[in-house]
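Record features, source Swiss-Prot:
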- 1-19: signal peptide (SIGNAL)
- 27-257: domain 'GH16' (DOMAIN)
- 137: active site, nucleophile (ACT_SITE)
- 142: active site, proton donor (ACT_SITE)
- 186: N-linked glycosylation site (CARBOHYD)
- 266-404: domain 'Ricin B-type lectin' (DOMAIN)
- 411-533: domain 'CBM6 1' (DOMAIN)
- 549-671: domain 'CBM6 2' (DOMAIN)
């Protein structure tokens with residue numbers, strides 16, 4: 001039986017006049033801290049950019065968060081560390097757990113003294129791309145200084161003209177004692193509670209006044225800051241050590257509505273691979289704009305090839321591109337065969353909702369709710385750039401898709417957020433997002449970034465946002481003051497000191513937390529940001545080609561005397577230049593799942609005949625064979641050559657050796673024969 005409550009609604013307030021159903025809360029996630037700190041939490045370390053944007057005084061460390069007696073304890077200390085007077089801790093569920101709508105709560109007891117700033121809050125999942133406050137922020141509770149009879153709930157967002165807007169209200173609550181702080185949130189309204197008693201609400205229905213940010217997924221953050229713009233800079237040193245106790249954090253969703261509980265088995269981020277072509281669903285030109293069409297493309301690992309499947313009701317999903325935040329959309333609400341699939345800001349129409357139907361072997365049909373047709377690759381194309389459209393369901397393989405789970409990690413570092421530097425300068429940038437860029441016009445200059453986390457071992461794509469008036473610049477990337485050199489990259493001419501482009505290379509890093517360094521090998525150039533993205537394992541991304549593994553040539557973990565350059569081959573990215581005899585590349589932990597024959601293909605280009613490569617395992621201890629490289633008519637005219645080799649079952653480091661130069665290589669594919 002549906003229970004209706006009558007109530008009075010103001011834009012901001014507590015009194016209400018509407019009718020709504022009583023939520024039936026179902027627990028979907030929690031951390032009770034009975035078995036330590038869950039792996040769903042990620043620690044943020046350091047002092048952030050400009051003191052986390054607030055000129056805060058503390059340095060965040062992992063060591064300042066521990067479990068004591070079944071409770072998470074964040075301890076702020078008066079201790080000198082890396083140039084800061086205070087340490088504390090900050091945890092978030094970003095990259096691991098995020099939710100859209102529901103009830104989020106924590107049972108907490110917090111300290112109260114001059115200079116403290118305690119927060120339990122949430123931020124939009126897209127914060128790395130749109131920046132604050134456009135990503136939206138809801139503070140379940142924040143408390144500052146010695147006002148121990150008050151806690152505050154706040155909401156921050158960006159208005160349509162880009163201005164920062166916020167509302168807040170205080171609750172008469174003594175935070176030193178344990179209380180349950182909750183927020184209930186749906187597509188229409190956000191409500192704040194202490195111990196089940198509501199004290200604040202804000203209407204967000206229809207994205208009014210720019211509040212559409214609160215209709216996206218969010219992640220949760222816990223932290224205790226010391227000092228800053230809001231609490232001030234007068235800190236009571238006698239109050240340390242100070243402890244913030246969290247008994248639990250819980251997330252509920254409403255089981256009495258159609259969204260989002262139900263069959264949510266596909267909820268999450270995926271690479272989407274076509275069964276017929278074995279290429280991947282991709283947003284054309286990696287666009288963030290409404291109206292950009294979908295296409296198929298070679299695997300890149302980028303976020304424009306990752307899609308969030310969010311269950312709405314009865315096997316109906318909203319499908320959102322991770323990079324742009326836009327939803328898959330049937331062009332102009334079309335119902336006919338041949339209508340293109342594009343991306344568009346989500347509005348909840350049936351042309352933006354899809355049923356997902358399993359056909360076995362890990363493949364699915366994706367069916368627009370408004371037309372009942374299949375999302376397919378047009379004309380049975382196997383070419384990169386093939387169009388994505390809707391068509392009648394004839395069980396065509398071009399309309400079947402493998403959903404390959406993405407567990408990507410991405411971190412954006414503002415170039416000016418270094419903790420140490422030499423011979424660099426800051427200046428205002430005209431790049432998107434504004435702020436500052438770093439001027440690198442002295443050879444030997446460098447910047448160091450503290451406590452950069454690489455959560456798992458493997459390949460990472462490192463992107464740099466750069467500008468230069470002339471060619472010839474070069475940077476190098478290292479870890480821990482140069483003890484581990486990851487690679488070098490040429491900085492091209494972009495046509496001006498404020499004409500920006502993004503360059504990248506792939507590096508191999510063991511899991512761990514490092515100080516990351518950028519060194520100016522050759523000046524002059526500017527840099528605005530660095531982005532680190534975990535590249536998912538290729539072995540999990542080539543399931544559409546049975547017993548096949550594709551290796552991007554630039555994904556080596558070690559090398560000698562080769563260089564990277566932009567490629568004109570299908571799929572873009574980088575190729576490796578092999579123009580020195582004796583040069584080599586090594587690829588880590590390549591699996592040969594059974595003994596026998598394997599076809600090894602190489603995507604190569606050369607201006608002249610006479611090139612030769614050799615293939616070996618484990619630093620040359622097993623030589624598998626050699627292969628001549630023909631003239632292809634140019635260093636960006638690509639062809640595929642191959643040979644058959646015999647390999648015993650096992651996992652090896654695979655090497656490619658330049659017997660005779662010069663040639664380029666884009667990828668290697670290994671297929672069990």
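Keep in mind that glycine also has a Cβ here, set from the backbone N, Cα and C atoms.
Sequence features, as recorded in Swiss-Prot, placed on the structure.
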| residue | record | DSSP class |
| --- | --- | --- |
| 137 | active site, nucleophile | strand |
| 142 | active site, proton donor | strand |
| 186 | N-linked glycosylation site | coil |
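The distance from the Cα of the residue listed as 'active site, proton donor' to the Cα of residue 186 (N-linked glycosylation site) comes to 21 Å.
For the pair the residue listed as 'N-linked glycosylation site' and residue 137 (active site, nucleophile), the Cα-Cα distance reads 15 Å.
Under 8 Å, Cβ to Cβ, and six or more positions away along its own chain, the residue listed as 'active site, nucleophile' finds 121, 122, 123, 124, 154, 155, 156, 157. Note: the stretches the domain 'GH16' (27-257) and the domain 'CBM6 1' (411-533) are in contact (3+ CB pairs below 8 A, sequence gap of 6 or more).
The Cβ of residue 186 (N-linked glycosylation site) has 21 other Cβ atoms within 10 Å, all protein chains considered. A simple way to gauge crowding: the CB of the residue listed as 'active site, proton donor' has 20 other CB atoms within 10 angstroms, across all the protein chains here. Looking just at the domain 'GH16' (27-257), the mean pLDDT is 87.
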